[in-house]
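Engineer: Pulled these from Swiss-Prot:
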SIGNAL    1-20  signal peptide
CARBOHYD  Asn26  N-linked glycosylation site
CARBOHYD  Asn56  N-linked glycosylation site
CARBOHYD  Asn75  N-linked glycosylation site
CARBOHYD  Asn124  N-linked glycosylation site
CARBOHYD  Asn175  N-linked glycosylation site
CARBOHYD  Asn210  N-linked glycosylation site
CARBOHYD  Asn280  N-linked glycosylation site
Amino acid sequence: MHFWWTAISAGLLCLPQALGRSDSPNYTVEELWKLETTFWDNFLYPANVEQMEAINSTLFTPDVQGRVDITRVFNGSELNTEYIFGLFSDPDHVSLVGVPVDYSIVQFIAQGNIASATTVVTFNATSFGNLLIPVTIDTWIMWDSNGQIVQYDATFRWFGFLLDTLVETLAASINGTTSEATAALTQLLATTICATHDQYCTGANQQYDNNTACYDFLTTAIPLGKDYELGRNTLLCREVHEHMVQYDPALHCPHIGPTGGDYCVDDQTYAQKVLQKYFNQSWIVGVPSTGDIWLGD
């Protein structure tokens with residue numbers, strides 16, 4: 001009996017290492033809640049401006065990994081700082097949802113160094129008559145022992161419904177049909193992107209021969225895009241990346257150009273997107289993660 005009890009005890013002592021990452025921090029739920037709210041506090045405007053100006057936000061580890069369902073994956077602190085904070089930091093610039101002004105976490109569960117949450121973020125859609133619109137964002141976030149984000153996975157819930165609502169709002173403002181509003185949105189986004197291209201994408205970074213060529217391509221050669229196509233060869237994808245051009249023209253000008261760079265391209269099937277091996281660490285907590293198909297090679 002003593003032998004079996006000793007063996008069982010030894011097994012239990014080894015269990016945490018067998019079931020998870022022994023070097024991962026073990027935060028309390030209260031600490032994880034604080035880390036979660038710290039992120040969202042800094043996501044709001046104008047706090048996000050300060051994060052953006054830092055170039056590499058200290059909320060992220062240098063090699064942070066991020067994935068957003070409607071766009072793509074983002075690697076490194078500089079790129080994530082630009083897309084997470086810079087994308088929503090200018091209320092005077094044309095954009096789909098404008099700037100985030102408030103949030104409410106409505107679902108939250110956490111263990112170890114991982115938190116899963118649903119957050120309703122109120123955006124001021126300044127390009128749509130200062131429409132205050134709630135956007136539901138589901139997130140999984142993992143932190144290191146310094147409280148920095150190691151990796152995250154974000155999903156915009158009901159994003160198609162959101163896009164339809166924005167188009168309907170625009171239709172009402174111009175007293176037009178949905179089709180007319182869609183055409184007006186296409187023209188507005190294309191005009192904005194081409195103006196940004198003319199200002200920042202010069203010399204070796206130039207993507208279009210002139211403004212007319214830019215506008216014609218964006219309005220006739222590619223579709224506006226569906227709700228899941230902000231990371232494909234669409235106008236909506238280029239709208240996302242247009243905001244980043246000012247920060248690093250050499251990197252981002254190709255994203256708004258005809259080739260789409262590495263981001264606005266149709267290089268994935270549905271199955272390839274779903275089965276993409278990406279994350280360095282498993283999101284599975286408390287049980288063996290053998291066979292996790294999302295882990296990178």
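One is the number of the first residue shown, and numbering goes on along the chain from there.
Using the three backbone atoms N, Cα and C, a Cβ is placed for every residue, glycine included.
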Engineer: Given the glycosylation sites Asn75, Asn124, Asn175, Asn210, Asn280, state which is nearest to Asn26 (N-linked glycosylation site) when distance is taken between Cα atoms.
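Structural biologist: Out of the listed candidates, the nearest Cα belongs to Asn280.
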Engineer: Among the glycosylation sites listed here, Asn26, Asn175, whose Cβ has the fewest other Cβ atoms inside 10 Å?
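Structural biologist: Fewest other Cβ atoms within 10 Å, among the glycosylation sites Asn26, Asn175, is found for Asn175.
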Engineer: So which of the glycosylation sites is most packed in, judged by how many other Cβ atoms lie within 10 Å of its Cβ, out of Asn56, Asn75, Asn124, Asn210, Asn280?
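Structural biologist: Checking each of Asn56, Asn75, Asn124, Asn210, Asn280, the winner is Asn124.
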Engineer: State the Cα to Cα distance, in Å, between Asn280 (N-linked glycosylation site) and Asn75 (N-linked glycosylation site), rounded to an integer.
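Structural biologist: Asn280 (N-linked glycosylation site) to Asn75 (N-linked glycosylation site), Cα-Cα distance: 12 Å.
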Engineer: Closest to Asn56 (N-linked glycosylation site): which of the glycosylation sites Asn75, Asn124, Asn175, Asn210, going by Cα position?
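Structural biologist: For Asn56 (N-linked glycosylation site), the closest Cα among Asn75, Asn124, Asn175, Asn210 is found at Asn75.
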Engineer: Spatially speaking, which of the glycosylation sites Asn75, Asn175, Asn210 is closest to Asn124 (N-linked glycosylation site)? Use C-alpha to C-alpha, please.
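Structural biologist: Looking at Cα distances from Asn124 (N-linked glycosylation site), the smallest one goes to Asn175.
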